[in-house]
Amino acid sequence: MDQQQLKIEAAKTALKYIQDDEIIGIGTGSTVNCFIDLLEPYKNRIKAAVSSSEVSTQRLKSIGIEVIDLNDADSVPVYIDGADESNTSLELIKGGGGALTREKIIAAVAEKFVCIADESKYVETLGQFPLPVEVLPMARSHVAREIVKLGGNPVYRAGFTTDNNNVILDIHSLEINQAKALESKINQIVGVVANGLFAHRPADHLILATKNGIKEY
Ligand SMILES: O=C[C@H](O)[C@H](O)[C@H](O)COP(=O)(O)O
């Protein structure tokens, strides 16, 4: 099985979390796209979706699923999203697609956060994938200098603007052993909107598609 097939297998396994007449939270990225592509037969059972990006919103609408504002959602029982890395505690790095802030907000609201991923995402130590940080444009250089003080190597994601009209710094060369502490430290830098560490709010479940089958944590 290639990586794309593994993503589809992870997405299929997550279908069991769909409950009739409930609002579902939908993340962003190629793995979540596989999940959305499986949702058409469920569209009359799902009450509505809340979405973490304009791209996912369009994809959901194209198959006839209503997307509502998170402020109008009375509850979000389950949130399905991918990740760039997960460690064994289900702490994640997210934001490779730049959707980290809205993803973090939906994950905070959701009762259950189910992460779907192929085996390449499962790591012992977070940080090989550059950590995305969403930053207000005018604070870009300031935040970059502060990140250097924390030992990281920030790289401006040139030509990319988030759905919130901000920019992304991708932090290279971090070995993340204390994810919660680092998440908090980066959040304290003025100008940071959010960072892609999901440690204070890790996933509740991880569906990992491997060449030897599905593993659930
Ligand atoms: O901003 C993007 C999200 O955090 C994605 O969940 C993450 O980048 C994983 O994406 P993919 O499923 O394409 O590897």
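The backbone N, Cα and C atoms fix where each Cβ goes, and this holds for glycine too.
Of the residues proposed, Lys121, Lys149, Lys180, Lys185, the one TrEMBL records at the same substrate site as Thr28, Gly29, Ser30, Thr31, Asp81, Gly82, Ala83, Asp84, Lys94, Gly95, Gly96, Gly97 is Lys121. The substrate site is defined by Thr28, Gly29, Ser30, Thr31, Asp81, Gly82, Ala83, Asp84, Lys94, Gly95, Gly96, Gly97, Lys121, and by the 8 Å test on Cβ atoms against their centroid, the other residues of the chain that qualify are Gly27, Val32, Ala99, Ala117. The highest number of surrounding Cβ atoms within 10 Å, among the binding-site residues Thr28, Ser30, is found at Thr28. Checked against Glu103 (active site, proton acceptor), the binding-site residues Ser30, Asp81, Ala83, Gly96 differ in C-alpha distance, with Asp81 being the nearest. Sorting the binding-site residues Lys94, Lys121 by the number of other Cβ atoms within 10 Å puts Lys94 first. When the recorded positions Asp81, Glu103 are scored by other C-beta atoms within 10 Å, Glu103 scores highest. When secondary structure is read from DSSP and collapsed to three states, Asp81 (substrate binding site) falls in the strand class.
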